[in-house]
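Trainee: Structure below; questions to follow.
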């Protein structure tokens, strides 16, 4: 458990051992822990000048300690086996890598090594007194209390607190690691302060079962000294409120950032001074492995299920390189109601910069019960760590297959009951967008029109939108696209231009023929029409009339499919006869135009000009 004091710090005293060239941390055995040891405090100074070789100092010999610089004391805790703390060297190196300072390791292993915890605890005040004597000497040499920083681990936190009290809380800062109770101006609770991810859950995990959770705070602090891991914490009343996304603003103006775990936690000092009392709790989650970073996203979800759905969700992100990361939000069931926004806090192990795809899986958690589908109307993710990044959104979409088409039509039909004008405007905008920029796939929108607006209003709407959209494409091509079309499709423009000139006297009927029997895709005809000197009026009405059969088939199909309740109903005799009737009606205009074309249009060799995909795109 990690706790950080923002305004206190301390220093300590040691007996010097000048006989050691490079003094090392006292190493004892388990035997020493059983028989007990007398208190002996040794102070070892590290600076950037002697990063790998400590210098023994005491209240009479300050050695290379520079009193004008910050001095950080590292005070270890209870040592039941007598071995040196494995993290001491990494912590010294990390501190000196981020700032030029004095680092003093307080070695009181002789005194902390015992199998009786209360024996070690009873010696903490004695160690604190020795440290006060040393700090007094530093102050006499010109040091400042504001420049003294103490990092205490477990019982070392007790010692640091005693020293801070001796100076009436005037030390620069105290950080207490591995301590459970609320102590500081800001107290950090990783994973709620309980079991830590990656630590053994049962005694079968061996010695790690007893010390892993306790030591995690030290390794989290070490992560704050590395450039590749910045752990953000969120001030909150409880871990539950944090997990439910109620504290992502940190309770401060947007210009202020949330507190950072570890070494840079004192950046929040000025804000805390303004609080009364100047204390707060901050929660955060971690990954299972070093460097333990978790990247937070705030996710907003709006669903359109008719019935309330309760369950957990898993969000998966994939970037353009194929890397994936996922977040399970399952700490408690989320409740999804129709058209109500649910806001949750998602946590990912990786920070994907350029996300290409978002997927969501919903689970009720029931093994034997029915499985429900969560129908998403809109999902939005925004990065809390990098708020400047664009938000990741998934809302209404262009359907790419019949399954998506049916799902989209259900969403819009249901929404249209309360927002008819909005759905109408949305459909028209989407249709014109695809037509204006010659984007294939309008057939799906024709089918959708039948499902949303019925067979006749849908047909009228599609015919008008097709004509208006194609004319917009005509105008855009006329102003900006002539050179591009000729440059990219020279072999396709020339034959088409020749046929247009051959049928200039019957141009309107020739254009109708091309729409009914598309030897040239409609999107290409829309783009090339200005190059072929086709008058805009004839172009507009040829699209309006010529695509009526095609639009009629699509719209009627959508109208029929929207009434089906199952796949079996698609093959009923009634549905089959309706679709056959639609096909026969649509053939009548084509037959008449083809009969006329045989008499008055010049079409010989037209098939040879067909260098494009003959599929119809509108």
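The backbone N, Cα and C atoms fix where each Cβ goes, and this holds for glycine too.
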Trainee: Taking 337-354, 355-372, 373-390 as the choices, which stretch does TrEMBL tie to transmembrane segment?
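Mentor: Within the set 337-354, 355-372, 373-390, TrEMBL attaches transmembrane segment to 355-372.
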Trainee: Kindly point out the range from 295-316, 537-558 that TrEMBL annotates with transmembrane segment.
Mentor: 537-558
Trainee: As a test of reading the model: what is the averaged pLDDT for the domain 'Lipase' (34-177)?
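Mentor: That stretch averages a pLDDT of 94.
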Trainee: When each of 355-372, 421-441, 537-558 is checked against the transmembrane segment (453-476) for Cβ pairs under 8 Å, which one has the most?
Mentor: 537-558
Trainee: Quick check on the domain 'VTT' (439-559): DSSP residue counts for helix, strand, coil, in that order please.
Mentor: 102 helix, 0 strand, 19 coil
Trainee: Using DSSP, what's the helix, strand and coil tally for the domain 'Lipase' (34-177)?
Mentor: 54 helix, 35 strand, 55 coil
